[in-house]
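Pulled from Swiss-Prot:
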MOD_RES   Met1  N-acetylmethionine
MOD_RES   Ser19  phosphoserine
CARBOHYD  Ser41  O-linked glycosylation site
MOD_RES   Ser45  phosphoserine
DOMAIN    56-164  domain 'sHSP'
MOD_RES   Ser59  phosphoserine
BINDING   His83, His111, His119  Zn(2+) 1 binding site
MOD_RES   Lys92  N6-acetyllysine
BINDING   His104, Glu106  Zn(2+) 2 binding site
REGION    142-175  region 'Disordered'
MOD_RES   Lys166  N6-acetyllysine
CARBOHYD  Thr170  O-linked glycosylation site
Amino acid sequence: MDIAIHHPWIRRPFFPFHSPSRLFDQFFGEHLLESDLFPASTSLSPFYFRPPSFLRAPSWIDTGLSEMRLEKDRFSVNLDVKHFSPEELKVKVLGDVIEVHGKHEERQDEHGFISREFHRKYRIPADVDPLTITSSLSSDGVLTVNGPRRQASGPERTIPITREEKPAVTAAPKK
């Protein structure tokens, strides 16, 4: 049995490209991809570079996952629901929570029979009025739920600083 021996100088922070395990190759919270079932790339070469995250597609595409964004002027949620028709989806607001529910009964696909159901809940930010929330379904099966954020109640203003002649902190009397 061969045992890989790594020199201590390779494990130092100056060499972040070398990882003795697959820990750094994992995308936590995401499902397994086909490439995860093949041997670890780090076992094939000690100088494996993990591709930067900006080269990967957003994690919610093709995974059934969602992406929640809070931008300067709006709040939005994108959710992959390509396996559901509009009639099989419900979006509702209960208090400060958006609930998305999807369900379809058993149907046949290329692998046999399948039924699906999911529930997702998203907290509405305090500066978004629940009455202004809308939803739409794109042709590629992405459900978008969004609402405008309230702007600050007035224009920005600079507050002048005044100088006082007395100290803010006075010494306590000695006993």
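Indices start at 1 and increase along the chain as displayed.
Glycine too: its Cβ is placed from the backbone N, Cα and C atoms.
Bear in mind that the values here come from a model prediction, so they are computed numbers and not experimental data.
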Which ones in the same chain are close to His104 (Zn(2+) 2 binding site), with CB under 8 Å and 6+ residues apart in sequence?
His83, Phe84, Ser85, Glu88, Ser115, Arg116, Glu117
How many other Cβ atoms are found within 10 Å of the Cβ atom of Thr170 (O-linked glycosylation site), counting all protein chains shown?
7
What is the separation, in Å, between the Cα atoms of Glu106 (Zn(2+) 2 binding site) and His119 (Zn(2+) 1 binding site)?
17
Rounded to the nearest Å - Cα separation of His119 (Zn(2+) 1 binding site) and Lys166 (N6-acetyllysine):
61
Reduced DSSP assignment, His83 (Zn(2+) 1 binding site):
coil
CA-CA, which of the recorded positions Lys92, Lys166, Thr170 lies nearest His111 (Zn(2+) 1 binding site)?
Lys92
Could you round the CA separation between Lys166 (N6-acetyllysine) and Lys92 (N6-acetyllysine) to a whole angstrom and send it over?
58
May I ask for the distance between Lys92 (N6-acetyllysine) and Thr170 (O-linked glycosylation site), taken between their Cα atoms and rounded to an integer number of Å?
57
Among His83, Lys92, His111, His119, Lys166, all listed as recorded positions, which has the most CB atoms within 10 Å of its CB?
His83
Under DSSP, is His111 (Zn(2+) 1 binding site) helix, strand or coil?
coil
Cβ packing number for Glu106 (Zn(2+) 2 binding site), 10 Å threshold:
9
